[in-house]
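J.: After the structure tokens below, expect a handful of questions from me.
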Amino acid sequence: MMFQSAFKYYKSRKPPPSFNDVLIVGDCNYPFKVVEPNLLNRPCVFPSLQPAQEWKMYEVTTHPGLFVIANPFTMAGQRYWMAASLLDYPAQPNTTNLAAKQIASFPHGNFWWEKLQSFTEPMQRRKFANTLRWSTLGYQYDWSNKIYTETRKESFPAGLAGLLRFFATVLGYERFSPEAAIVNYYPIGTTLAGHTDHSEDDLTAPLFSLSFGQPAVFLIGGTSRDEPADAILLRSGDVLVMTGASRQCYHAVPRVFYDTELPEGLEKCIDRWQPSNQSGNLDCSSMQMENRSEAEWSLIDECIQHRRININVRQVLKEKQLTLKCSDTEN
């Protein structure tokens with residue numbers, strides 16, 4: 001199926017699409033090829049992750065350079081990154097789609113989270129929760145001009161940087177430098193249209209995509225919209241990595257849905273993150289996180305039940321490049 005036709009098919013609500021042709025991460029059959037982790041003389045453990053030698057890693061042979069790791073996170077690790085995505089990453093000075101309201105009403109901290117906690121009626125709370133659609137980390141992406149600039153750059157979260165360097169090292173990209181991220185918040189039923197990622201100076205560096213929460217259909221085609229596409233099911237904890245030729249391919253998210261719609265026999269997303277004890281610190285070794293109250297964990301769970309969080313991390317600069325060539329003053 002061609003890219004545009006596939007997007008419309010998997011986006012359809014009535015009738016809903018079949019999952020018969022969707023590739024399942026963790027299936028060792030064609031077109032998945034097992035990839036061995038790059039662990040020679042390297043530590044194989046990182047906080048919030050299962051030991052790397054236990055990971056199930058694959059390359060999608062129909063799209064050379066496209067790798068998927070089937071949920072390498074611990075249960076507590078998933079919850080750690082979910083909480084960070086909801087409480088930390090939308091906070092000032094990071095930019096969100098709510099930036100104007102933040103500056104006017106809540107100049108410090110996380111406007112969205114503070115406001116969300118003020119609602120007592122569940123439907124009002126859920127409606128407001130859906131207003132947060134993205135936040136940016138490190139180099140702040142300019143959505144209007146589709147560029148990065150030196151004048152809009154914040155510090156990149158150290159813990160997330162360490163996580164991505166570990167993923168990169170296991171895949172053999174030891175020189176990868178995480179410099180920018182877009183955190184997308186997808187309410188159920190929303191989509192991401194077909195596009196390519198080409199705003200970075202270095203398009204040879206891998207692009208990492210981390211999924212948390214409800215499942216999604218990820219669509220990847222070729223270098224134009226008129227080429228065939230593969231649909232891949234991404235569930236909570238799955239990591240997708242675009243390198244090589246796949247790095248500049250068209251891709252999209254035509255469907256975000258509740259895991260109750262998953263085909264029979266597939267592990268539900270909620271079973272990947274829901275521990276019996278939700279309160280207190282997460283057991284992520286050296287990763288520090290302040291205690292959360294039962295009320296906060298309840299609200300985090302409520303948010304995750306109705307959305308998918310996607311953290312896209314990329315390297316902006318070429319190796320040994322110190323700054324971007326352009327700045328706001330040059331445009």
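Here the Cβ of each residue, glycine as well, is placed from N, Cα and C on the backbone.
What TrEMBL records for this protein is below:
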DOMAIN    177-317  domain 'Fe2OG dioxygenase'
BINDING   H195, D197, H251  Fe cation binding site
J.: Tally the residues of the domain 'Fe2OG dioxygenase' (177-317) by DSSP class, grouping H, G and I as helix, E and B as strand, and everything else as coil.
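T.: Going by DSSP assignments, the domain 'Fe2OG dioxygenase' (177-317) contains 24 helix, 48 strand, 69 coil.
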J.: Just name the most isolated of the binding-site residues H195, D197, H251, going by other Cβ atoms within 10 Å of its Cβ.
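T.: Least crowded of the binding-site residues H195, D197, H251, by Cβ count within 10 Å, is H195.
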J.: Quick one: which residues besides H195, D197, H251 have a Cβ within 8 Å of the Fe cation site's Cβ centroid, in sequence order?
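T.: Close Cβ neighbours, site residues excluded: G194, T196, C249, Y250, A252.
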